[in-house]
Amino acid sequence: MTVLSEQDKIRLLADIVKIQTENDHEIEVCEYLKDLLSQYDIDSKIVKVNDSRANLVAEIGSGAPVLAISGHMDVVDAGDHDDWTFPPFELTDKDGKLFGRGTTDMKGGLMAMVIAMIELKQSNALKQGTIRLLATTGEETEQYGAQLLADEGYLDDVSGLIIGEPTSNIAYYAHKGSMSCVVTAKGKAAHSSMPHLGTNAVDILVDFVNEMKQEYKNIKEHDKVHELDAVPMIEKHLHRKIGEEESHIYSGFVMLNSVFNGGKQVNSVPHKATAKYNVRTVPEYDSTFVKDLFEKVIRHVGEDYLTVDIPSSHDPVASDRDNPLIQNITRIAPNYVHEDIVVSALIGTTDASSFLGTNENNVDFAVFGPGESIMAHRVDEFIRKDMYLSYIDVYKDVFKAYLEK
């Protein structure tokens, strides 16, 4: 049963695109969604992080099993609005595309889930189980909205979790984790004409970086068997087959020294230097392994001078490749999107890291949502109108089928 017209569905997306949630103000989307859901007798609750940032939780149905569905309300900065063909915070419908910041990442997926809930509720189609909507704040930064919901127990009883990030018609059963590591070297300043009176922090940090580079090389020589298989995703995006060595890069552990800063002026011995690393973790090389690795290299190079700080750490999430959510998606979605659904692991991260951790409870898990992932964070971001609309029907059928398993 269709409750909302195509025009209504586009209008609802336009309404939340209009709300400027560039890393803030998600509470305005919460209030909008709460009012919308109440019109269809769906109760919801706003869970605040602070006065401007909040999550929304809503439910339909009752009892077990519980299927959590989730999307984030924040968007990345739109940059210079003059660079956009159309205003970034006004939905523009042109040539079968819906333009606007967040249409793909990921207000399109979020609203598709909300509308699917509304239509299932109005048609009384849900005969068993509970659908729990978790609309989150702060996914684009530190996932603190998702972490708050996890800490307050909103995931404790779930059997399945769908994240509606844009996936280009790929169903992801797992994804890598992500860590940010900051290594600081502290030396002793001195005049450059008398460097022996100082301790060069840059030299110390260079030694650390070089040793860590060798450690990473050694790891990659043995990083050949992966629980997470990201090859199908990469081959679809690259439109070509990839070889065995390349597959080890995409499916395995990745570590990058992306920032190096040291010294302030040319005639002084630098007393401080910092190196920042982004690490993509996998089940075989998780956050505990990474922490131990950094501490080991620090001890070897010079623990009197070096420290490491880890400002963010999000676990890899894995589930069975053929879990019931994935099975339902691959069976149902082709009827609406008119192509077979590729199943893969994702090389990025989602709120599931905070929701599930390493998924020790073996929750059925899928990342699957409307939009082309390549459009995320871009100027002139858009989602195809037919894709947005079709995923509403996909979600309705997948939610219902999963709960009736």
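If you go along the chain as it appears here, the first residue is 1 and each next one adds 1.
Placement of Cβ uses the backbone N, Cα and C atoms for every residue, glycine included.
Annotated in Swiss-Prot:
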- HIS72, ASP105, GLU165: Zn(2+) 1 binding site (BINDING)
- ASP74: active site (ACT_SITE)
- ASP105, GLU140, HIS377: Zn(2+) 2 binding site (BINDING)
- GLU139: active site, proton acceptor (ACT_SITE)
- How many whole Å apart are the CA atoms of ASP105 (Zn(2+) 1 binding site) and HIS377 (Zn(2+) 2 binding site)? 7
- Query: In which DSSP state, out of helix, strand and coil, do we find ASP105 (Zn(2+) 1 binding site)?
  - Reply: helix
- Query: What is the separation, in Å, between the Cα atoms of GLU165 (Zn(2+) 1 binding site) and GLU140 (Zn(2+) 2 binding site)?
  - Reply: 12
- Of all the binding-site residues given, HIS72, HIS377, which residue's CB has the most CB neighbours within 10 A? HIS72
- Message: Please list, in sequence order, every residue of the chain apart from ASP105, GLU140, HIS377 whose Cβ lies within 8 Å of the Cβ centroid of the Zn(2+) 2 site.
- Response: VAL75, VAL76, GLY102, MET106, ALA376
- Note on the structure: Lowest 10 Å Cβ neighbour count of the recorded positions ASP74, ASP105, GLU139, GLU165 is held by ASP74
- Task: Starting from the Cβ centroid of HIS72, ASP105, GLU165, which together make up the recorded Zn(2+) 1 site, report each further residue of the same chain whose Cβ lies within 8 Å of that point, ordered by sequence.
- Result: GLY71, MET106, GLY109, LEU110, GLU139, GLU140, ILE163, GLY164, PRO166, THR350, GLY369, ALA376
- Message: Taking only C-alpha atoms and a 10 A limit, tell me which of HIS72, ASP74, HIS377 are near GLU139 (active site, proton acceptor). These are the recorded positions.
- Response: HIS72, ASP74
- Task: Tell me whether HIS72 (Zn(2+) 1 binding site) sits in a helix, a strand or coil according to DSSP.
- Result: strand
